[in-house]
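As recorded in Swiss-Prot, the features of this protein are as follows:
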- 34-153: repeat 'Solcar 1' (REPEAT)
- 40-60: transmembrane segment (TRANSMEM)
- 125-145: transmembrane segment (TRANSMEM)
- 172-256: repeat 'Solcar 2' (REPEAT)
- 178-198: transmembrane segment (TRANSMEM)
- 225-247: transmembrane segment (TRANSMEM)
- 266-355: repeat 'Solcar 3' (REPEAT)
- 269-289: transmembrane segment (TRANSMEM)
- 327-348: transmembrane segment (TRANSMEM)
Amino acid sequence: MPSPCESGKTTNCSGAPSSSCAKSVECCKKQLSVGVLQQVSASSSGAIVTSLFMTPLDVVKIRLQQQTRPFPKGECFYYHNGLMEHVCVSCEVRKPCEWYQRPGNFRGTADAIVKIARHEGIRSLWSGLSPTMVMALPATVFYFTTYDNLSVWLKKKMCCRRAFSPEKWTPPDWSAAAVAGIVARTIAVTVVSPIEMIRTKMQSKRLTYHEIGHLVRSSMATKGISSFYLGWTPTMLRDIPFSGIYWAGYDLFKTNLQRRQGPDHNPFVVSFVSGAAAGVVASIFTHPFDVIKTNCQIRIGGSIDDMNKSITTVIKDMYHSRGISAFSSGLVPRLVKVSPSCAIMISFYEYFKFLFQKNH
């Protein structure tokens, strides 16, 4: 039996005024303004633009780190292409062709950008981007498309509830955005984690596809499916609260800015400012979880005792070694990295959706 919202019948408005009834039916029939294919195109375009803007900054950061303290063979380091972090392992056989091991005498970020572009070519600023985009692009597309559809569906249900059952309490719209963000992120990380683990193994040990097949079978035989989710728990410890806070904040900031600027608001500017602000808020609140996640993941490839440490033990070790300040270290660099990434990705995603909707 369809609900009044699904059927759209005005006879179920329970005596509400006709204008309110019509508005309620319109609200309950609301659909996404763009199709799934257009969402995929918009998120892909936004992801590419984001990575093109953000990758040079991380390439320079890694080159500066390598210059100060060269990576020992087998050591893990993080590569961030603006969309997601990738655990990279310094190759066991050093080759001059590895981009992060190229010599350089850099005196800072600006100096590094100029020298890399001048002596190695402008394309060197995007070193390592192609292999990481193989993972980041589908993960980002899946994440944004899932979020968008789930968020619209939840908000539609809430709108119907307010219209047809005003006596009942209904959660605010930002809560729908938070739930949709959490669910979408959980699914995306769960799907991507095993593939990312295999990619890291292939990169670090130069394994062939036959050797990868043997590794998968032996891992399944010894530890089961959990062997492919070694970093899942610490990742979700950070990503679940971050996604919830980010999307709730983005929805709130965007709604308030649209209301203040009126119908003539610039959708790109509103999305950019809202995304940047939401990214800052989410980063501040979830930074301790990010530090814990990093400390958990850098143990991968270490001793057996280090790898088998629980999250609780890792937290205790961090507190005993540096006190409460251990959980706030690196906040400013993370804000510099995350806030513009969020702003660029969401603004271009919304902009491309707007273009598709306008053309449609």
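Using N, Cα and C of the backbone, Cβ positions are placed for all residues, glycine too.
Long-range contacts of the transmembrane segment (225-247) within its own chain (CB-CB distance under 8 A, at least 6 residues past either end) are made by residues 87, 147, 151, 177-182, 184-186, 189-190, 193-194, 197-198, 219, 278-279, 281-283, 285-286, 289-290, 292-293, 296-297, 300, 307, 311, 342. In the predicted model, the repeat 'Solcar 3' (266-355) has a mean pLDDT of 82. According to DSSP, the secondary structure content of the repeat 'Solcar 1' (34-153) in residues is 78 helix, 10 strand, 32 coil. Helix, strand and coil content of the repeat 'Solcar 3' (266-355), in residues and according to DSSP, is 77 helix, 0 strand, 13 coil.
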